[in-house]
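Chemist: Quick one: the structure is below, questions incoming.
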Amino acid sequence: MEQAAGSPAVGGSYPQKNAEILSSQYGINLFLAGLLLTFAWAVHAVGISKSHLLSYLITLMLIQLLWMLWYLCRSCTQRRLIRDKDTHAGARWLKCGITLFAVITLILDSFKIGYYIDFSNCLSPTEGIFPVTHAVHTILQVYFLWCHAKDVIQSFKTLERFGVIHSVFTNLLLWTNGVLTESKHQLNEHKERLITLGFGNITIVLDDHAPQCNCTTTTLCSIFSQGIYYLYPFNIEYHILASTMLYVLWKNIGRKVEHHQQNKTPFKFHGITVGMIFGLIVLTSTIGIVVVYLIQIGGSKIKSELALTMFYLHAIFVLALMCTAGIVALLIYRLEDRSLDNSKNPARKLDAELLVGTAAGSWLLSWGSILAIICAQAHPKYTWYNLPYSVLVIIEKYIQNLFIIESIHREQERVNDDIKTLRIVTVSCGSTLSLTPLYKEIYNGTATRDTTEVPCLFKGNIYGRENDGAAVATEEMSQDNSSVMHSASDFSFYSRNSVTNNKRRILKNIAAFLFLCNLSLWIPPAFGCRPEYDNGLEEIVFGFEPWIIVVNLAMPFSIFYRMHSAASLFEVNCKT
């Protein structure tokens with residue numbers, strides 16, 4: 001009987017599992033087809049042009065737009081239904097971040113439209129249709145994520161799985177397209193800089209896919225073409241954040257949610273002044289270093305070497321500080337005895353997997369640099385700074401990953417409730433109730449100072465009668481002893497709580513400092529400050545083309561790691 005009763009439940013799980021497998025395979029094939037088309041355009045394959053790639057991306061975006069409109073319409077017709085929500089998914093600060101990147105992406109789309117208008121004589125119509133479609137797609141997708149990122153879909157589950165996974169891989173393909181376009185621009189600038197460093201044996205062949213006609217307005221064309229590449233880093237971050245939020249939505253389809261109250265963890269600046277000050281110093285100095293680097297690099301051999309030396313010394317100092325802060329935080333965790341939250345949470349699991357997975361990009365580049373330094377026959381002076389820099393990149397990400405993953409898995413403290421309970425007990429039985437006679441005096445116009453008339457809530461008895469002297473004395477002594485006991489307990493509890501608060505304050509300052517440091521380290525590679533390109537040593541050891549391929553594959557993951565770490569550290573700061 002038990003097996004017969006349980007068999008329908010077991011059998012009912014098979015269609016859901018099959019739908020998950022089928023939808024994931026559909027998404028992977030969709031992505032591989034787009035990836036191959038992107039690669040074919042990048043290597044100038046015969047018969048493949050940019051219009052073919054853009055047509056494919058436009059088609060994917062239109063299909064996603066139709067699905068999102070259908071989902072929004074169905075949600076409007078079922079507004080009265082109570083829906084399950086995943087409280088851990090789609091945090092408000094994450095939505096605000098993706099909105100900021102989306103606004104800058106819309107500016108990028110407007111630049112592309114202006115660029116198409118100026119070169120309309122020799123560009124395919126798809127290059128004008130693409131930014132318009134992409135702008136509409138961005139606006140509707142941000143609205144969809146704001147309203148439905150927390151949904152746990154329980155109806156039309158098979159259809160919704162295909163719609164959500166289609167959206168995930170559409171954003172991944174748009175991210176890939178942005179990464180490729182931005183990388184090709186960076187590669188062209190890198191080839192021009194190599195001559196100034198003395199690597200004249202490398203063939204300089206620019207590959208910019210520039211339009212074969214003159215611009216109608218030279219000034220505007222220059223603004224649009226240069227501005228586009230400064231906005232691409234934000235577009236890249238927007239699509240990767242959108243794909244992760246949609247992936248969590250896909251994992252939540254058909255999930256049984258445990259209904260429990262989640263403590264809200266708002267961000268507060270109070271108590272993190274030290275971490276913010278040091279972090280802002282790092283951020284300001286990093287921006288200055290990037291500006292000087294971009295100005296000096298490629299000017300001459302001496303200027304380029306000085307720019308590389310300056311970058312390495314600054315990065316070594318920042319990474320050393322981050323390693324120290326991470327070690328201190330981990331030591332504090334080792335001294336605490338708090339349990340871990342091992343409940344099922346797709347958003348938290350994805351955060352941990354992305355941290356480790358994207359860190360592999362930087363580790364690959366760092367090990368390549370270490371191997372090049374060991375194997376190179378000639379070592380310019382500035383290349384020796386690359387060794388401690390590469391080692392610290394490996395160590396810093398290892399420590400930071402441990403800190404973030406342990407932080408997001410730790411249960412929140414519940415000290416505040418104990419403090420409130422202690423205060424109630426102390427007030428009920430302490431001298432605070434001596435204010436009651438003053439209230440009576442004001443209300444009745446007479447002074448009543450007999451403390452024996454004040455009830456003690458802790459003992460649960462009411463003393464409102466006249467007692468003899470011995471009884472009164474006994475009661476006063478018992479109240480004095482009770483007061484002493486509560487004072488000792490209060491001092492012991494608050495001393496422990498003071499230590500806990502100090503630990504929390506240190507952890508919050510460390511999280512704030514690491515948050516700003518990760519934002520600082522996101523800026524250099526995102527805006528073209530890439531010593532892996534410019535020092536030239538790795539290209540001599542591995543060869544120009546192989547090393548450039550490695551950098552172009554690994555750098556996007558390294559850039560995303562910094563932004564994702566900053567987002568995770570923001571959550572750690574709120575939760576601590």
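Using the three backbone atoms N, Cα and C, a Cβ is placed for every residue, glycine included.
Annotations for this protein, taken from TrEMBL, read as follows:
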- 26-47: transmembrane segment (TRANSMEM)
- 53-72: transmembrane segment (TRANSMEM)
- 93-117: transmembrane segment (TRANSMEM)
- 129-146: transmembrane segment (TRANSMEM)
- 158-176: transmembrane segment (TRANSMEM)
- 229-250: transmembrane segment (TRANSMEM)
- 271-295: transmembrane segment (TRANSMEM)
- 311-333: transmembrane segment (TRANSMEM)
- 354-379: transmembrane segment (TRANSMEM)
- 385-404: transmembrane segment (TRANSMEM)
- 506-528: transmembrane segment (TRANSMEM)
- 540-561: transmembrane segment (TRANSMEM)
Chemist: Quick test of the contact rule: Cβ under 8 Å, at least six residues beyond the ends. What residues does that give for the transmembrane segment (158-176)?
Modeler: 15, 19-20, 22-24, 26-28, 30-31, 34-35, 38, 57, 60-61, 63-64, 67-68, 70-71, 134, 141, 236, 239-240, 242-243, 246-247, 249-250, 253, 556
Chemist: Counting Cβ pairs under 8 Å that are 6 or more apart in sequence, does the total for the transmembrane segment (129-146) and the transmembrane segment (53-72) reach three or more?
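Modeler: By the criterion, they touch.
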Chemist: How about the transmembrane segment (271-295) and the transmembrane segment (26-47): at least 3 CB pairs under 8 Å, pairs 6 or more apart in sequence, or not?
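Modeler: Counting Cβ pairs under 8 Å (6 or more apart in sequence), the transmembrane segment (271-295) does not reach the transmembrane segment (26-47), since there are fewer than 3.
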Chemist: If we call contact 3 or more Cβ pairs under 8 Å (sequence gap 6 or more), are the transmembrane segment (540-561) and the transmembrane segment (229-250) touching?
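Modeler: Answer yes: the transmembrane segment (540-561) meets the transmembrane segment (229-250) with 3 or more Cβ pairs below 8 Å.
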Chemist: Mind checking which residues reach the transmembrane segment (506-528)? Cβ under 8 Å, same chain, six or more beyond either end.
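Modeler: Sequence-distant neighbours of the transmembrane segment (506-528): 186, 189, 230, 233, 271-276, 278-280, 282-283, 286-287, 289-290, 293-294, 311, 315, 318, 321-322, 325-326, 328-329, 332, 400, 403, 407, 555, 558-559, 562-563, 565-566, 569-570, 572-573, 576.
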